[in-house]
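Here is what Swiss-Prot says about this protein:
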ACT_SITE  HIS19  active site, proton acceptor
BINDING   TYR14, PHE64, ASN66, ASN112  tRNA binding site
SITE      ASN9  site 'Discriminates between blocked and unblocked aminoacyl-tRNA'
SITE      ASP91  site 'Stabilizes the basic form of H active site to accept a proton'
Amino acid sequence: MKLITGLGNPGRKYDQTKHNTGFMALDHYLEKNGLTLDKNKFEGLWTKQKINGEDVIFLEPQTFMNDSGKSIAQVANFFKIKPEDILVIHDDMDMPIGKIRIRANGKSGGHNGIKSIMACLGTNNFNRLKIGIRHPENESVVSWVLSPFNNDQQKLMDAAFETSENVINDFIKGKNAQYLMNQYN
């Protein structure tokens, strides 16, 4: 069984903001594949599907970003999902807008959602699909991550979401982190 989760903040106020890149990437995948998050439990919106013979749970935690780990840990514990079978999709300010990077483990990189997941799972041994949003140039970090993408930036993000769909499909097919890193980094 696989768990694929996008990180973001709940509510319309944050809907299309840079910090909700994880939600947007997951929403793109779900929409392209005719899926919806039809359950509300474990402090998140989720669905369980069978894809290519694999049980897959898609999750968007409805805690705020900094508490994302609570929802993810509840799902992982309930369904007995191993950390290496989890893929977390999130924004990354240390990468250019629209750049994708896969990681199998590692530090949080200062991302509070990732810190929360590490604390709640008790490990950093879970897969990440990081999508770049870059550092702000002339505004605060908070203003930057809570603002939407402009048109040029959105084009780069749309391409990243297309690539993320391929990453998700390969992850579901059982491709390991090394394969994903070689293919997409």
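Including glycine, each Cβ sits where the backbone N, Cα and C put it.
Cβ proximity to the tRNA site centre (mean Cβ of TYR14, PHE64, ASN66, ASN112, cutoff 8 Å) flags the following additional same-chain residues: ASN9, HIS19, THR63, MET65, ASP67, SER68, GLY113. Counted over every protein chain shown, other Cβ atoms within 10 Å are most numerous around TYR14 among the binding-site residues TYR14, PHE64. Less than 8 angstroms from the CB of ASN112 (tRNA binding site) sit MET65, ASN66, each of them six or more residues away in the same chain. Taking the Cβ of ASN9 (site 'Discriminates between blocked and unblocked aminoacyl-tRNA') as reference, residues of its chain lying under 8 Å away and at least six apart in sequence are, in sequence order, THR17, HIS19, ASN20, PHE64, MET65. Here the Cβ of ASN66 (tRNA binding site) has 13 other Cβ atoms within 10 Å, regardless of which shown protein chain they belong to. Rounded to a whole number, the C-alpha distance linking TYR14 (tRNA binding site) with ASP91 (site 'Stabilizes the basic form of H active site to accept a proton') is 14 angstrom.
Within the same chain, residues at least 6 positions away in sequence whose Cβ sits under 8 Å from that of ASP91 (site 'Stabilizes the basic form of H active site to accept a proton') are LEU7, LYS18, HIS19, ASN20, THR21, GLY22, HIS111, LYS130, ILE131, GLY132, ILE133, VAL145.
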